[in-house]
């Protein structure tokens with residue numbers, strides 16, 4: 001594997017040529033290799049070569065500064081779904097966002113005895129990194145939400161998934177109560193969106209979040225990425241999401 005990652009493997013041939021010509025040739029070769037690289041390890045290695053040539057080597061000052069310190073403005077909660085990459089859909093560069101990804105982009109209520117991994121992310125992002133915005137991003141056709149909707153009727157059981165997605169039960173109950181006739185894709189979409197709002201409400205149970213909002217140093221945003229239509233929707237304007245202190249957002 002090291003043969004793909006060493007410096008020689010990404011160095012253009014030494015025949016004198018224009019820099020643009022070399023890069024175009026390397027890009028063409030990489031694109032061809034990527035299309036045929038069905039082996040996941042080869043795909044990973046080719047992807048790194050592309051990054052090293054077209055990003056890292058082109059912006060040495062940026063990455064030198066980033067190596068010294070990270071100062072992200074965002075904490076983003078997103079789903080682990082491979083079709084949902086905040087880095088890609090929001091065109092983020094390294095250093096811009098502290099990321100937390102899990103099944104169904106869920107945020108549990110504050111609890112020192114459970115879900116320490118999520119709590120640690122929130123605590124570190126606010127107290128150490130001083131992020132200014134927390135964004136929860138839901139998405140279309142979410143498998144975690146599909147599982148949540150099926151509970152407890154589905155006879156299949158999982159060691160971890162069912163307990164985790166149950167964090168979204170309040171969202172499911174709210175949708176069913178307010179839309180008793182909803183089913184299928186409509187129900188799925190409604191629960192996906194309400195689950196984002198539920199996670200925003202749960203964030204308010206964390207003392208550092210509550211303090212940040214009260215001091216006007218932190219904002220909470222909810223978004224929904226529809227990868228079928230290529231849309232990015234706002235979900236954070238319900239009054240029941242917000243604490244007494246209004247969260248102002250400038251588009």
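The backbone N, Cα and C atoms fix where each Cβ goes, glycine too.
What TrEMBL says about a protein is an automatic prediction, not a curated fact.
Feature annotation (TrEMBL): of 1-24, 25-48, the stretch labelled region 'Disordered' is 1-24. Listed in chain order, the residues near the Zn(2+) site other than 79, 81, 139, 142 are 78, 80, 83, 84, 104, 105, 138, 140, 141, 143, 144, 145, 192, 225, each with its Cβ within 8 Å of the site Cβ centroid. Long-range C-beta contacts of residue 139 (Zn(2+) binding site), restricted to its own chain and to partners at least six residues apart, with a cutoff below 8 Å, comprise 78, 79, 81, 83, 84, 105, 192, 224, 225, 226, 227. In sequence order, 79, 81, 104, 105, 188, 192 constitute the residues six or more apart from residue 142 (Zn(2+) binding site) in its chain with CB-CB distances below 8 Å.
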